[in-house]
Amino acid sequence: MALTGYSWLLLSATFLNVGAEISITLEPAQPSEGDNVTLVVHGLSGELLAYSWYAGPTLSVSYLVASYIVSTGDETPGPAHTGREAVRPDGSLDIQGILPRHSGTYILQTFNRQLQTEVGYGHVQVHEILAQPTVLANSTALVERRDTLRLMCSSPSPTAEVRWFFNGGALPVALRLGLSPDGRVLARHGIRREEAGAYQCEVWNPVSVSRSEPINLTVYFGPERVAILQDSTTRTGCTIKVDFNTSLTLWCVSRSCPEPEYVWTFNGQALKNGQDHLNISSMTAAQEGTYTCIAKNTKTLLSGSASVVVKLSAAAVATMIVPVPTKPTEGQDVTLTVQGYPKDLLVYAWYRGPASEPNRLLSQLPSGTWIAGPAHTGREVGFPNCSLLVQKLNLTDTGRYTLKTVTVQGKTETLEVELQVAPLG
């Protein structure tokens, strides 16, 4: 009786299964998507009449891939045939361009001339070529110790293994503790500044690996350790001593991300300066006081401050006169700046020459009222701090100038300065 097609299946149901000698190996052993794969059969014995291959856990007709009659070479596809399978004369099964859906258990059933049947089992695991994953973040800018970081490795391959990278290396221990059981979600409560950087995830299987593009995380913090630094001047604790008519630059520094906004105050009054430094171009007694820098972080909504006291140096406290500029030329204005004038001043007077000659009086300032003297040319202006402005200098302004001061206690002091006016050209 000649049997073809599914009739072998009906016969196979009436005979006992014997011996488990058949073994099946896979070539290649770890196939990837698109490979040509062979389920190689070993241990066939006796003269066989037919083979049947099943792609499933049982010998159900619904799992039948194909039946093959040895004597004629006829192959009959079954319900589970995908168009890629072919049975070899030796019983092996070829699968062309294998796909992940071909993964699973395969059963070979053989029939001999005594109509006895044997079965062999094999397993196919097809590893797909992995697409590049993507890291998804709840936010890429977080506030330290306040916000939670949540990253997810998004991949169309649910069976792929996942590993994470931080700045190209392994995750720190604290971050590894926040991984989900499947490794696809990374959570970190109370993010730290040292955890700012580039994060990547990588998916892999035995035949393929793919890493995501980095996602960069910024962690905002501060301001902390706000301090005021200065250039080369004498400092004792929070007090800075400055020579008269010299310049001073104060720098406000802090640890902060992002860079904070700055506000400077002088003796409690806000200054029009939003920079990280403050320049005092020409130090006088009027600039003595407390300077405060306030640093404000617009992301963390935190702020910090530092203060210093700026004073004239001990050497500058003694009364002296300094021309500003020190080498004036014809046509310029010059200010005879008084350093260390008496705090209890009652009256002062400027003379063009010695104070012993009344006709040399330029101006005087008793009780806050400025009065011009006989030697006044209309170009001189006196100030409450004893300084004298001489405008539009000419060469005849060269010579001695004398300042006479009288305190409330009646103490009189006389100070002289020689003014040199350089000609133009």
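Glycine is no exception: its Cβ is also placed from the backbone N, Cα and C atoms.
Owing to the predicted nature of the structure, the values given are computational and were not obtained by experimental measurement.
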If I look at Swiss-Prot, which residue among Asn36, Asn279 would I find recorded as N-linked glycosylation site?
Asn36
Per Swiss-Prot, the candidate from Asn245, Asn394 carrying the annotation N-linked glycosylation site:
Asn394
Recorded disulfide partner - Cys252, candidates Cys238, Cys257, Cys293, source Swiss-Prot:
Cys293
Going by DSSP, how much of the domain 'Ig-like C2-type 1' (133-218) is helix, how much is strand and how much is coil, in residues?
7 helix, 42 strand, 37 coil
Alpha-carbon spacing, Asn36 (N-linked glycosylation site) to Cys252 (disulfide bond), which is rounded to whole Å:
70
CA-CA, which of the recorded positions Cys153, Cys201, Asn216, Asn394 lies nearest Cys252 (disulfide bond)?
Asn216
